[in-house]
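Participant: Straight from TrEMBL, here's the annotation block:
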COMPBIAS  328-343  compositional bias 'Basic and acidic residues'
COMPBIAS  560-571  compositional bias 'Polar residues'
COMPBIAS  582-608  compositional bias 'Basic and acidic residues'
COMPBIAS  610-619  compositional bias 'Polar residues'
DOMAIN    213-309  domain 'PH'
REGION    317-343  region 'Disordered'
REGION    549-619  region 'Disordered'
Amino acid sequence: MDLRSELLKSIWYGFSALDLEKSGKVSKSQLKVLSHNLCTVLSIPHDPVALEEHFRDDDDGPVSSQGYMPYLNKYILDKVVEGSFQKENVDELCWTLTAKKNYQPKKNSSFVLPDKDAFRLWCLFNFLSEDKYPLVMVPDEVEYLLKKMCTAMSIEFCGVELEDFFSQDSVQQSGITVWTFLEMMNSGKITRGIEMGIISMAIEEVYREIVGDVLKEGYLWKKGQLRRNWKERWFTLRPSNLSYYTGEDRKDCQGNIALDGNCCVEVLPDRDGKRCMFCLKTLSKTYEMSASDTKQRQEWTAAIQTAIRLHVEGKKSLHKDLKQKRREQREQREKRKQAKEEELQRLRALQEERERKLAELELLKEAQKQAQSLLEKDEQRRRQQHEQLQQALEVQLREAEEARVSMQAEMALKEEEAERQRKRIQELEEMQKRLEEALQQEIKARLDEEAFRYAQAGLLAEEEDKMKALMSLQEEQEEYILKTEREKQELKQEMEAKSRSLEEAQRQLEEVRANRHRVDQDVVAAQRKLRQASTNVKHWNVQMNRLMRPIGPGEKRPSLGSSYSSFQIPTQRDPGLRLRRRSDSENQDEERKENVEKRAGNDLEKRNSHCSNGDMNIP
């Protein structure tokens, strides 16, 4: 809560006091006087021209609070400088205006608060009230304030009377107003049996603590900075400074210690005849102080550390921070309470839904029973229909059995005829299979011959590749022999490797020749099989013609020559002739390769003999 919000709360009471008819509007002349007084207590320079211009007499009539706010913000609150005025003077002005109208304690009552205490309670109420208009204070804040007062009076708080007061519907719904609060305090129910002086001192202490931001007050012994002697002073601790006076009336201020984040407080051992000592260190000085006992020293050090912490966190008032935290806690409690209510409502809805479903389930069970009885009736009717249908089927089965016996006799005759035809067909099929097998053998023999020819051509090509590789190895061997003397050892090793390669190539050549010989033999066998297959085909042709054309009475058996002429062998080139030609060409190639190998072997032996005779100098 900033300074503007605090001032608006007090000014709201002053504006409401001028609203005699409770219509929410105040006459311009009264607002002019109120604005003038506010400028005086807030130490703002007067602007008579703006004041007269804004509140000149015209036919607009009185002004509401919404109409007065623009002028209040622009010409008064925007010019307020914090620290240039005493807020207590503003509160006294607004209290004077509102107390005349609203605060009317009973004169004949035995317990009536003095005006000064009522004013301080009014200020405390404004500080702890909610930031909503009209201003009210929630029961939790009322209880907090009364507990603070009881603590200041060193008595135990009894909340029975307070609970009875809070149990009223109007208090629970809208909160408590300041006039209701003052009326409750004047009734004496809360402070029954306590002297008025003690109550006044407690109200003043709580007022200075909450409204005046006084964290702690009391007497302490202080050591001087120049004479280094000890004097008793009255200290007042606020979040921003620590002031000390000659007496409790705080009229003669002897010094002011500014507090910031660089300050710290330390406990000192007893010395110079003083006990319970502690010091407050700043950047420039160190202040030594002594408390009356250990408890006071602990309270003072904790309060000073709290003030330093508030300054570091950028907070100007401890109780403003505490009030905000209490408000957040209340909001959280309200949220939890609302969540619980929503959960209860949801559970009630679930219970109602469950009861509704149970009722539906009972209805479904009843409907199921009815459906079961209907199903039993349908089942009985279906059984009767099934028995009738079964009897009709038995009659039909007997008739069908009689028809089946007559048909079996006819089928037996037809099967005998079919068996004779089947045997004839089987003989013809067997003959056709034998002919097809002979034809397949001939085709396979021809395919084998072609495969062997392709294999022989591949072997010849492989033999030619090996011959080329042999020639290239021979050329490389000659090139390596002509290298320099320093590479002789490497050349010899390479020659040995090439020799081994040459031997391997010769061995492979021998294998190729052996393979070619075996292929030739396979070709001869294939030709022999082909001739045998041709003979078989001719023989089976004769047999087929004999079976397909049975001899009638008076006909002669056809001659064997005519059956041979009916089978024609497709014309083709003689494979034996081609095989002889290919074998001649292969023999010529083998002779040429043997001559080349002989020449290469002779050259290699000559070179080796030269090397062994010492023609080359080995380094």
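Glycine too: its Cβ is placed from the backbone N, Cα and C atoms.
Just so you know, TrEMBL annotations are computer predictions that nobody has curated.
On this model, are these features tucked inside or out on the surface, and what's nearby?
Facilitator: Using DSSP to sort the residues of the compositional bias 'Basic and acidic residues' (328-343) gives these counts of helix, strand and coil: 16 helix, 0 strand, 0 coil.
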Participant: Quickly jot the same-chain residues contacting the compositional bias 'Basic and acidic residues' (328-343) by Cβ under 8 Å, restricted to those at least six beyond its ends, or write none.
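Facilitator: Same-chain contacts beyond the flanks: 138, 140.
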Participant: What is the three-state DSSP composition of the domain 'PH' (213-309), stated as helix, strand and coil residue counts?
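Facilitator: Summed over the domain 'PH' (213-309), the classes give 16 helix, 44 strand, 37 coil.
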